[in-house]
């Protein structure tokens, strides 16, 4: 057990599909892979130790609503009512039929499957798409005092640096004459300025994203257990793994870049448009496959407290066999957050361009986007958008990781223990 209750890496398991510690001779389809809050198989039989129920002593009457055969559990025998002596007749119905009492889920003695324990923002069972998205949003709403300061402060710092860099490095564009053909030196300087802006801003965004991801991962992991987390606690828990998370992210980026160098550059150098397009398409396919396969490495690294390559291996194992599901949920999250960002950022950017950037003339000569007013309004939109989208993306990734571990490793047992859920896995659960 490590210092993060509930997230210990499981030992060697017989297969990816069996929970740790499952008997080797258990039939494959006897129970679900996760440790759900289900009554034992014997609970669905008659209370009298499986003995055949005595024949009812009352003559059969007209069928009553809700008690016909063929409704999932079969007919209910009148001689088996709980609390009555064995073989005692069922009292005759007087008045309204006894409808609506069978098949009602709930407490002991009733026929329904009890709901899964939910100590925090998600139930402790395999999750659906809606539950993953809802869990991320619920955490943002319930624990906003921790989530909002982290994302708001980091996004504000990033955008302040970005505005300063863009203003200082691109100020010379305001004096550029669009009617004059630039010479080679001016083109080189312009390209260099653009690259400098891109590299500088992306580097700052990269560091900020790593810090936010690390801290939000700890907040979401506590929210699953029903625990709150302050900003100071999230930083204290995340700090030991920050350098490793930076290394993991850098290694993944280097791997994708090397893959592009191997697959795309030779295709471009072939001077054939068709070959170049095929090379780029192949690189995109392989890059998306690798990105999805290693998408759970970040929460694995932060929560299991392992090394970089161990986190890559854990993500590969958890995604294997569920690649399309993980890809679909991740891609949908990217689509949703991208649309949210567009809805927030574009109106403010256009207002800044037309109010402070000279309107259409500024757009035509390329100077509208580098005025202080346009840059600041665009930055405000990005701060608001990132304060929403960063925790959404981090939350979905963490919940996908938890979902895959519940499905493959019965993580719900360990989470229930860490959350203090009583009698979990024994047919009842209490919190």
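Placed from the backbone N, Cα and C atoms, the Cβ positions cover glycine too.
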Checking feature assignment: transmembrane segment per TrEMBL, candidates 245-269, 395-419. Which range matches?
245-269
Are there at least 3 C-beta pairs under 8 angstroms linking the transmembrane segment (275-302) and the transmembrane segment (206-225), leaving out pairs fewer than 6 apart in sequence?
yes
Cβ contacts under 8 Å made by the transmembrane segment (245-269) with residues that lie 6+ beyond its boundaries:
206-207, 210, 213-214, 275-280, 282-283, 286-287, 290-291, 294, 297-298, 301-302, 308, 311-312
State the residues, same chain only, that lie 6 or more residues beyond the ends of the transmembrane segment (147-169) and have a CB under 8 A from a CB inside it; answer 'none' if no residue qualifies.
139-140, 193, 196-197, 200-201, 204-205, 208, 211-212, 215-216, 219, 231, 234, 370, 372, 375-376, 379-380, 382-383, 386-388, 390-391
Sequence-remote contacts (6 or more beyond its ends) of the transmembrane segment (323-346), Cβ cut-off under 8 Å?
129, 132-133, 288-289, 292-293, 295-296, 378, 381-382, 384-386, 388-389, 392-393, 396-397, 400, 404
